[in-house]
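Here is the structure we will look at.
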Amino acid sequence: MYKYSIPSITGTVILVFLIAVLLKELAFGLFSIPSASMEDTVLSGDRVVVSKLHYGPRLPQSPFEVSWVNVLFWLNKKARSHIDSTWWKYRRLKGFSTVSRGDVVVFNFPGKNKGTFYIKRCTGLPGDTLAIKHGTIICNGQAMDPPEFYKANYFIRTTDMDRMFHFTDSLHIPVSKAVGDELPACFQAVLNLSEYRHLKELRGIESVSYAAVPAERSSAVYPYNQKFLWSPDNFGPVAVPKKGMQIELNERNFIIYGSTINNYEGQTISFENGQSMLDGIPVASYTFRQNYYFMLGDNRHNSADSRFLGFLPEEGIVGKAVLVLFNYQNGKFKWDRLLKREI
């Protein structure tokens, strides 16, 4: 009978451990979806498999980013004091594809909030000119078709409330209270494209119209400046920064791109007395050092995305969402979500 020695068992355990770490850090990850911002593409409670191989795995910038290994550093008090520090420069191994418009991407924003991960759809690539007009995405002058499982707020005007509620109740669609007392009555609901199309054809429905947030001077929408009449449904146009792209550093561009340069380009830029200052030196233009992306949630009126958070730097990309492994929420499995590949 073959006897296993302690050294051989230890070696096997270490090898399995290293393989598990490498697979998780360099190949695939499993992410839990906490919100409804990507409904109906990805649902709250979904566990999504993310491929790091598509765009190339991002190498850790700190031992605290390495699964299981980080426990050893956490136990060291001196190392733990540098938990928020960057130990190594950003590096990414080569992938077998690049980010495309329409890809569903998992990412975080480098910096203090790098522990918060997002899943959104890529809408703007580096160098694209992007605008949103009454909820329609316009990329490089062309209107983009919404994703298959896109959702948004709609106003519903009806003369037959019973028929409308029979339809919405059958699909468990929440409907807000009527606005005013006159017929046709007005309601508001979040609908996907299929629900929108069916509701429009229902007898007694006067109209189903997109509930666009009007353009206004808001400090809640990127770039958080009331000089811009922008809203989540009326935004831009803006050029998505691209590595090597040069911009004139006038006041408008400083407002749009200043925080991006300060947060992700390793530079310090300010605007004083009508003049842009880069690291204390007057400059008239700036050339970007890396690529950026514009991300949107499919649940258009219930998503914190680039309309509120700004441009995503390439170094923030984790990987491409490729599969819903399963859904577990409130102690229950949703079996219809098992191994769902339509992402």
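Even glycines carry a Cβ here, placed using N, Cα and C.
Quantities reported herein were computed from a predicted structural model and do not represent experimental measurements.
Copied from TrEMBL, the annotated features are:
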DOMAIN    12-158  domain 'Peptidase S26'
ACT_SITE  Ser37  active site
ACT_SITE  Lys120  active site
DOMAIN    286-325  domain 'Peptidase S26'
Item to check | DSSP-derived class (H/G/I helix, E/B strand, else coil) of Ser37 (active site) | outcome: coil
Checklist entry - Per-residue pLDDT averaged over the domain 'Peptidase S26' (12-158) comes to what? => result 89
Checklist outcome for this item: Lys120 (active site) to Ser37 (active site), Cα to Cα, whole Å, comes out at 8
Item to check | Folded-back contacts onto the domain 'Peptidase S26' (286-325), same chain, C-beta under 8 angstroms, at least six residues removed | outcome: 28-31, 35-42, 46-55, 57-58, 90, 92, 97, 99, 103-110, 114, 117-126, 128, 130, 132, 135, 137, 147, 149-153, 190, 211, 213, 220-223, 232-233, 235, 240-247, 249, 257, 259-261, 264-267, 269, 276, 278, 337-341, 343
Checklist entry - Helix, strand or coil at Lys120 (active site), per DSSP? => result strand
Checklist entry - Residue counts in helix (H, G, I), strand (E, B) and coil for the domain 'Peptidase S26' (286-325), per DSSP? => result 7 helix, 19 strand, 14 coil
